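Comments concern the structure below.
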Amino acid sequence: MTIYSHIKKSIVESERLLAVLIDPDKTELDTIEGIVRKINQSVATHIFVGGSEVDEGATEAVVQAIKRYTTLPVMLFPGDVTQITDEADGILFLSLISGRNPDYLIGKHVESVSKLAKTQLEVLPTGYILIENGKQTAVERVSNTKPLSRSNKQHIVDTAKAGALLGMQLIYLEAGSGATHPIEPEIISAVKDTLNIPLIVGGGIRSKTELEAAYKAGADLVVIGTAFETNQLFFEQLKL
Ligand SMILES: CC(C)=CCC/C(C)=C/CC/C(C)=C/CC/C(C)=C/COP(=O)(O)OP(=O)(O)O
Ligand SMILES: O=P(O)(O)OC[C@@H](O)CO
Ligand SMILES: [Mg+2]
């Protein structure tokens, strides 16, 4: 079964999906075995690997190490073309539709085609929507774009809908890694109501309460990076 069919099947069966984000720049290779064993024992269903700025080659080494210790699907979540590696199972082929920088809407995608053609990666076209949360995020800085205002819900909904109409298979609502506040439940539910494709939500989720709130509002897959980076027992606490 493809990664995408599995995501859709899980939604039909009301299963909650959870991805752990591993940032190759913040992860020493010799710590990966321990990290992945903790992830295997947790409720996580996917591993995402990526960052806004990652040294060339770092992603490949990290994914190779992760794959040694898990059978969970490993998806690239790349900030740039250099992060593409055939060692992963799939790639979130992100188009930054909240912004108006052509490089992040289509440019890097064109650039990546010859590299992707040499891989077996499952490509998942994803409308990536950055929403402001009070401080500048790495994505904002690197892409030189402005996030959508969180007070204009209709504009966020229309952006997600436009992505779906363009044929994107996933929509990702992003508050930014380490965001001070996660995406508000009202925004998640408004977007969910207009979509019939899976919805990913991430950024700033640091507690079981916030995680539950995201699912309750309609997130199909939640991404957690910082909370696990800073406390590897975070997923243990989710079981309680
Ligand atoms: C098409 C290909 C292969 C690449 C371009 C993909 C696009 C358009 C990306 C969108 C913009 C972008 C820079 C996304 C990065 C997403 C990401 C992995 C965020 C994770 O958090 P960080 O931004 O690394 O936060 P920290 O640096 O604080 O850890
Ligand atoms: O690091 P956190 O804040 O959990 O964010 C995860 C992810 O959505 C960032 O791209
Ligand atoms: Mg990073």
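Glycine too: its Cβ is placed from the backbone N, Cα and C atoms.
Since we're looking at a predicted model, the values are computed, not measured.
Record features, source TrEMBL:
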type	residues	note
BINDING	Asp23, Ser52	Mg(2+) binding site
BINDING	Tyr172, Leu173, Glu174, Ala175, Gly176, Ser177, Gly178, Gly203, Gly204, Gly225, Thr226	sn-glycerol 1-phosphate binding site
CA pair Glu174 (sn-glycerol 1-phosphate binding site) / Ser52 (Mg(2+) binding site), Å rounded to integer, equals 13
Thr226 (sn-glycerol 1-phosphate binding site) falls, by three-state DSSP, under helix
Cβ proximity for Tyr172 (sn-glycerol 1-phosphate binding site), under 8 A, sequence spacing 6+, ordered by residue number, returns Leu92, Leu94, Thr126, Gly127, Tyr128, Ile129, Leu199, Ile200, Val201, Gly202, Val223
The correct three-state DSSP answer for Glu174 (sn-glycerol 1-phosphate binding site) is strand
Filtered by Cβ distance under 6 Å to ligand 1, the binding-site residues Asp23, Ser52, Gly204 reduce to Asp23, Ser52
Cα nearest Asp23 (Mg(2+) binding site) among binding-site residues (Gly176, Gly178, Gly204, Thr226) -> Thr226
CB < 6 Å to ligand 2, subset of binding-site residues Asp23, Ser52, Thr226, seq order -> Thr226
One should report the C-alpha separation between Gly176 (sn-glycerol 1-phosphate binding site) and Ser52 (Mg(2+) binding site), rounded to whole angstrom, as 10
Listed in sequence order, the binding-site residues from Asp23, Glu174, Gly178, Gly204, Thr226 whose CB sits under 6 Å from ligand 3 are Asp23
For Thr226 (sn-glycerol 1-phosphate binding site) and Ser52 (Mg(2+) binding site), the CA-to-CA distance in whole Å is 14
